[in-house]
Structures are given as structure tokens and as C-alpha cells.
Amino acid sequence: MGSFVKEETSSLMTDFLENCGGYAVVDGGFATELQRHGADINDPLWSAKCLITSPHLVTKVHLDYLESGANIIITASYQATIQGFVAKGLSVEEAENLLRRSVEITYEAREIFYNRCTKGSWDFAYAGKASRRPILVAASVGSYGAYLADGSEYSGIYGDSVSKETLKDFHRRRVQILANSGADFIAFETIPNKLEAEAYADLLEEEDINIPAWFSFTSKDGVTVPRGDSVVECAKVADSCKKVVAIGINCTAPRYIHDLIISLRQVTRKPIVVYPNSGEIYDGLNKKWIRSEGESEEDFVSYVSKWRDAGASLFGGCCRTTPNTIRAIAKVLSDESPATAKPKFRQ
């Protein structure tokens, strides 16, 4: 049984990419879309607040991205932690149920989308037969710094008192719940330091997590993660973990992505995922975005072909990107992929 699980885990992403025609589209910015739909997320729980107050908006954002062409939709659990929910007055049981609910909502959105497709949308027509577009659900896990909501997710500096064991204890139960929630894989996102990557890798092995994961790091300079650790060294941690099926970069300015892909390719043959932010810079202390000169959504999309040529195979957006961004990415990949005419699908 153990070897079967390992084999199934290691092949999930490569099989999925093959079914997508070689490249896949990840969804885009979530919290900013929730705000656009009227959600108030000025809260330590951030977008996870909507799991409590307005789950219908979570569904709406998932559907917006599915209709824009996303093959991977990521749950609203980035900042959803048991500790964070309990601090808001919920019981541990209620907190754990909200984690499960984040995955259920995502699956419900996928089913709504598939049901719409059966009524004659382009999604069934383009494959030449009544086939469903491959769509995976990723359970998001944000960093310890995201829970602290003090800007440390953007610095990776947690203080000397926070050890690898501290991080493992913090994440353990959430990872266990999400692993058993029905999600296709876990997305460890916006990892700001090597220590947290090591904690995640240990947890995946020690807890015998039975679904795969991807590790996605963040960078402010195209060379290191925010804490100062080399991106290459961080990627080696991910590459050495058998349960990690893709490695990448998110919440990073688009201008750094190409060189980061080159760096990742030096140490891994696993699929590379990139989902940068809009190029704006987040001020974690004042909780606001600062516009960056010289990058626009059009520039972002124009980079996609270069990122693909550099070795990436999964493409999406992070903060401040929109369904329009994802639609444009999907179009670039569809226009340029040699496999777009007749991609292979499994029923």
C-alpha cells in the first residue's frame, strides 16, 4: 500500500500536465478579488474571514477563475489556522471544520462549473468530445508569518525563539486536516525562509501525508527568499522531499521570475510553478499596496512565453492579479501550445 501511495503521489502532477497538453493554468489573486466583490477582510484572518462571514463570495471568486481558464484552484485557507480561528472565539472543532469547508467550497465551485459546461459551453467543444477540462483543487497553507499578521510573512524573520519544532507543531494539525479533506494536493505558499520549508518537508514525511504537495517560495530580489536564504538552497529542500511534486515561486515581482526559474532548474527536474503578484509591493506594517513603476498587467502576460521557455510549466497569478490576468495567460498558452488542438483527457 505504501509504495502504491508513493507512486500515485509522484505521478499526479506529471500526469495532470500531460492531460492539460503540457502546461497548466493556476488561478490568481484571491483576497483582492474578494474585496472587489465587497468583502471586508481587514482582519488577522484576512481572506479566511470569508469562510465564516461570506462563503458565497469565496465560491464566486473560484468560479470567476474557473471561467477564466484555470486548471488549478487554490482554497481560501492560506491564512486559515486553528490558532487564528480560536483567537477569534471559535472552538477547535469549529476551526477544524472551517478548514475542511474551505476544500468543500472549492469542490462545489468546480462542480457548478462542470455543470455549466454540460449545457454547451466552449469547455466541452474545444476538446472535440464531451470531456471535462482537467481541474485540480489545491489546499493552501500559508506561513507562520501569515498567521502572525504582522508583516513577518514578507520578511521571514520570526525571532530566535521560533525553531523548526515550533513551526512543525504550529502547522501539524492543519496539514493533517487538509490532507484528509479530499484536496488533490497541498500548496505550501509564499514560503519566506528555509527553516519553514524544512519544517514542511519533515511534516510530510513524519505524518505520512498521503497526498502530494508543492512548495512555492517568495523573493524580493530574484536570488534569495525574504529571510536571506538562497532560493537555490530552499529549492534543494523541496527537491529532496519525495512528496513534493512541483516547486515554484509566488508573490514575487514578475521581473524576477525568469532568473528564478533558471535557478530552480539548476537543482530540480520537478515541474516548476510560477504565480507572481502584479509587481506592486506590499507594505506589511501599514497593510497597503505600493504601486511599482514599470510593470503592468500587459507586461506580466507578455512574460509568460519566456517563463515557459525557461522551464516553467504551471502559470498563474498571486496578489493583485485578476481573472482577466488568468484569462490572458490561458490564451497565451492555448495559442502557443503544440498540444492545444487535441489534448488528452481521462474520464
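Cβ coordinates come from backbone N, Cα and C, glycine included.
Among the features that TrEMBL reports, domain 'Hcy-binding' is placed at 12-333. Annotation source TrEMBL lists Zn(2+) binding site at CYS251, CYS318, CYS319.
CYS319 (Zn(2+) binding site) has a Cβ environment of 20 other Cβ atoms inside 10 Å. Within the model, the domain 'Hcy-binding' (12-333) shows a mean pLDDT value of 90, rounded to a whole number. A sphere of 10 angstroms centred on the C-beta of CYS318 (Zn(2+) binding site) encloses 26 other C-beta atoms. Counting every protein chain shown, the Cβ of CYS251 (Zn(2+) binding site) has 25 other Cβ atoms within 10 Å.
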